[in-house]
Amino acid sequence: MEKGECITFPFFSYERRGDVMLYSVFSKTAGLVGLLGLVIVLFFGSLAFGQTTIPFSTTWEAITRYDPADTNHLIIGTSRLTRAVIALVIGMNLAIAGVFVQALTRNPLAAPDLLGINSGAIFFIVLAITWLEVSSLTQYMWFAFLGAGIAGAVVFFLGSIGRDGLTPIKVILSGVALSALFTSFTQGLLVVDEQSIQTVLFWIAGSVAGRDMEMLVSVLPFLLGALIVSLFMGRAIGIFSSGDDVAKGLGQRTGIIKVLMGVLIIILAGGSVAVVGSVGFIGLIVPHMAKGLVGNDYRWMIPYSALLGAALLLAADIVARFIIFPQEVPIGVMTAFIGGPFFIYLARKGVAAK
Amino acid sequence: MKYWTFRLFQEKISFQFSRRWLVVLLSWILVLGGVFLVSLSAGSTWIPIHEVFQQLTGQIDKHAFVVETLRLPRALLAILVGAALGVAGLILQSLVRNSLASPDIIGISSGASLGAVTFLVFGTGVVSLQFLPFAAIGGGLMAALLIYLISWNKGVTPIRLVLIGIGISAVMKAGVTFMLVMSETAITTKSYIWLTGSIYGASWGDVTSMVVWLLIPLPILVILGRSLNITELGDEVSISMGVRLQVERFIFLMCSVILAGTAAAYAGGIEFVGLMAPHIARRLAGRSFQGLSIVTALIGAFLVLLADLIARTLFLPLDIPAGVFTAAIGAPFFLYLLFQNRNR
């Protein structure tokens, strides 16, 4: 890289009054309630829409008075409920993982998938399936954690070496290179083992459909635990984000915060990959949306991101069912189609503001 | 004499070569020749090298099928693909003055992949596979134009080009996955193998048609190569030296796309060659573009030929795509470069 070409992102400090939509505690709380309502509506939508569209009244009945004899109830109970729950939980996870990654690397362009965490987790899962013949879901999860951890650690290390510390461009480039490495290893494994391509492909593409509740249940304790811990991290991250020196001066042990954030990222992002495969860009987009709504206060940003992430993934999943009806678009493809342009927009803004 | 300078056609074309360059050139020709012979002799049936030699010169004829029909076109195609990728990478790196740029990182290759996979999904059985290069180059061209237009803001700065390329690349890859999921199983498998980068099943037809494609950017590079040398000095300097900066930048980008797209059409997604070859060449052979491009072509050819040789002999009888091996060497190399540039 040429000298003097480092980029700063003044655009991304949502500090000035005009940049943030909600100021008072009242409006922030009201916004949170409104978002919760939106998530609930989308959740219902996710149960109702699909190859056979089910009326809302029947959907409501299926939840309150489940009747296995009714076909519509059966559709909701066997496939759509699982799917909606997965989209809800994973949406939250990915969004919060994104908040942590951006805070930890102090990089507005970062996201778990851009750091190679997704492809690392997938490579280890595919390795476990094809070579080690692992078939238990819990074990997939541990492999996903391992892969996510290795990839994240390598990218973080490579991004932070050098005088300038973590610069956005270094983090992004090392993430891209590591992703390419893991992706090509995954491809190598799959070419050798041709039978598994079709089964694994939908996973690589990322999908919330056709998963067993079992899959989610085995990962759920970890995900929920991480989610709850995250909600209480707001204050600490807020202090951390004012810079290492300031945070230390305020009495924060930044090392512990960094490690804690790293562990949470690995659990949230790695666990998500184990359940739905590679779903990118939620972690990139959502923190920016949340910042636009409530500003840099992480105590509000984290719950906002969780709800926005859930809403975005639920909505993307509903739309994915209708684009090439009756077939479905993998959710990872959907999020990439939305998130890629958003990344470009951020990159353009950020560099233009130099 | 340390340098030789050639000026032709009233200085329209000029080259400068150093003695060191000549030494480097000759040694890489020898190395490439060596790997070439080994790759003709190695495989599921091993043929002694002297018999390969006799077969090629026409003294014996007992290995005609294995050597001349199976292995020779494959080795030649590997050489062409590697050379094209290397030079494509060299152009791009000189253009954006960023040693980390290459067609696969900024999304030109994934654009080509999208073009080719779209062709495989919709065109299989309808149109002859002969037209695959058009689709791949078209896809690469589309990606390059998008990247270029979006990063345009009173000119194009290198860093914006790279970041926006990464974004475009993500969208293109999503498009490829979209195509794969939509297609039938048989085509999925076929596309998947193609995507990983394989020169399995190369024929003489492939070799000749690829040569034709490569002949397009060649004269442009010979004529305009010298202004690429100037561009490396920075935008202001090159404009004041009389380079039509944005025009030539665009032309060079197109050359790079044609080279990378052609390579992608015949060999799929072989990654990181466009990154590694120019770097190695720069270490060895100085900075003059014309000399550098010849050495880069040789090194790129060497890398792909070697990767293909390893890929098809190491796990016999399996034939692993060469792209797996180039990425296995290339990605760590990239990270190493990042490490080296950590203070810039």
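One is the number of the first residue shown, and numbering goes on along the chain from there.
Note that Cβ sites are derived from N, Cα and C of the backbone, with glycine treated the same way.
According to TrEMBL, the features are:
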TRANSMEM  B:21-42  transmembrane segment
TRANSMEM  B:75-93  transmembrane segment
TRANSMEM  B:105-125  transmembrane segment
TRANSMEM  B:131-149  transmembrane segment
TRANSMEM  B:161-182  transmembrane segment
TRANSMEM  B:210-229  transmembrane segment
TRANSMEM  B:250-269  transmembrane segment
TRANSMEM  B:289-311  transmembrane segment
TRANSMEM  B:318-339  transmembrane segment
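Within the same chain, the transmembrane segment (B:289-311) packs against the transmembrane segment (B:75-93): three or more Cβ pairs sit under 8 Å, each pair at least 6 residues apart. Contact between the transmembrane segment (B:210-229) and the transmembrane segment (B:21-42) is not supported: fewer than 3 Cβ pairs lie under 8 Å, counting only residues 6 or more apart in sequence.
Spatially, the transmembrane segment (B:161-182) is not adjacent to the transmembrane segment (B:250-269); fewer than three Cβ-Cβ distances between them are under 8 Å for residues at least 6 apart in sequence. Between the transmembrane segment (B:21-42) and the listed ranges B:75-93, B:105-125, B:131-149, B:250-269, the one holding the most Cβ pairs under 8 Å is B:75-93. For the transmembrane segment (B:250-269), the residues of the chain that approach it from at least six positions outside its boundaries are 77-78, 80-81, 84-85, 87-89, 91-92, 94-95, 103-104, 108-110, 112-113, 115-116, 132-133, 135-141, 144, 148, 193-199, 202, 206, 210, 213-214, 216-217, 220-221, 224, 228, 304, 321-323, judged by C-beta separation under 8 angstroms.
Distant neighbours of the transmembrane segment (B:105-125): 88, 92, 131-132, 135-144, 146-147, 161-162, 165-169, 172-173, 175-176, 179-180, 182-183, 187, 190-191, 194-195, 256-257, 260-261, 264-265, 268-269, 271, 275; these residues of the same chain sit at least 6 beyond its ends, with a Cβ under 8 Å from one of its Cβ atoms.
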